[in-house]
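According to Swiss-Prot, the protein carries these features:
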BINDING   H58  O2 binding site
BINDING   H87  heme b binding site
DOMAIN    1-141  domain 'Globin'
MOD_RES   S3  phosphoserine
MOD_RES   K7  N6-succinyllysine
MOD_RES   T8  phosphothreonine
MOD_RES   K11  N6-succinyllysine
MOD_RES   Y24  phosphotyrosine
MOD_RES   S35  phosphoserine
MOD_RES   K40  N6-succinyllysine
MOD_RES   S49  phosphoserine
MOD_RES   S102  phosphoserine
MOD_RES   T108  phosphothreonine
MOD_RES   S124  phosphoserine
MOD_RES   T134  phosphothreonine
MOD_RES   T137  phosphothreonine
MOD_RES   S138  phosphoserine
Amino acid sequence: VLSPTDKTNVKTAWSHVGAHAGEYGAEALERMFLSFPTTKTYFPHFDLSHGSAQVKAHGKKVGDALTQAVGHLDDLPGALSALSDLHAYKLRVDPVNFKLLSHCLLVTLALHNPQDFTPAVHASLDKFLSNVSTVLTSKYR
């Protein structure tokens, strides 16, 4: 559960992401594919090379979904229900991959916003991404 302080930290941090959400999403995906090569198995039809239009497009989807989640911190299950259905029933993504992408997102955010990435903000963003991952895997049962 996100505390009021966590919610403030997440909203403030995400306000600095702003228009870069898609770019950061794509960078985090690239970082994940390079650091955890087994994650590529879910994207056999993608060109996974650096700067790929497909990775950029998927990164935008990731960024947009997280922006939506930030706007609905009090109702993540409602805000992410359709995305949860997609990942559970159609894509069948192994839940561990959400943790890997979350880690890569944290690295990307820290790299681009070092002055704002305090230990408290890091902890709040980690809790937020963990909650998002939990919601996205909640329908796997």
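Glycine is treated like the rest: Cβ placed from N, Cα and C.
You'll find the Cα of S102 (phosphoserine) roughly 10 Å from the Cα of T108 (phosphothreonine). Figure note: comparing Cβ neighbours within 10 Å for the recorded positions K7, K11, K40, H58, H87, the maximum is reached by H87. Under DSSP, Y24 (phosphotyrosine) is assigned to a helix (H, G or I) in the three-state scheme. The Cβ of T8 (phosphothreonine) has 14 other Cβ atoms within 10 Å, all protein chains considered. Residue counts for the domain 'Globin' (1-141) under DSSP, helix first, then strand, then coil, are 107 helix, 0 strand, 34 coil. If you check the modified residues Y24, T108, S124, T134, T137 against K7 (N6-succinyllysine), the ones with a Cα inside 10 Å of its Cα are S124.
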